[in-house]
Amino acid sequence: MPGFGSVFVALALFFFAFTTIIAYYYIAETNVAFINRKARRPWLVFALKVGLMAATVYGTVKTADLAWGLGDIGVGLMAWLNIVAIILMQKPALACLRDYEAQKAQGLDPVFHPERLGIVNAAYWAGRRAESNLDAERDDPPPGGKPEPAKAG
């Protein structure tokens, strides 16, 4: 099948680019919705849509070097934002790690208790949720594992 390779690469590149744009838009809209959850500014989502469409059109009519340059800037900005977030989460993350290691050293199955560590806004794990999650993990077989055979008798 001569000529199949170029058609395949073109289609694969199209679908990769399309799904990447859709994924970035979904991530961006989810973040805008989170930031906008109290203020209720519907124009922010509209501005995001216009901005993404403008960037897509602009990227298709300019050189590949410009598109890669803008992509590099975007990835760099995301990296710096993540570094700032990691620095801000350093104290609670290290507290969780120390608690985990202490529980393992005592021979316990580690259970996350945010209130003991002074972590706020962790409603999912609050109270007895941690114990119930651990109990559920014990009752379920491991992923891909076999359940224990029933005892006869």
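Glycine is no exception: its Cβ is also placed from the backbone N, Cα and C atoms.
Note: TrEMBL annotation is automatic and uncurated.
For the transmembrane segment (6-27), same-chain residues at least 6 beyond its ends with a Cβ under 8 Å from one of its own Cβ atoms are 48-49, 52, 56. The transmembrane segment feature in TrEMBL is assigned to 6-27 (among others).
Here TrEMBL flags 43-61 (among others) as transmembrane segment.
Counting residues 6+ beyond its ends, the transmembrane segment (67-88) has Cβ neighbours under 8 Å at 55, 59 in the same chain. Under the heading transmembrane segment, TrEMBL lists 67-88 (among others).
The feature compositional bias 'Basic and acidic residues' is assigned by TrEMBL to 131-141.
Residues or ranges marked as region 'Disordered' by TrEMBL: 131-153.
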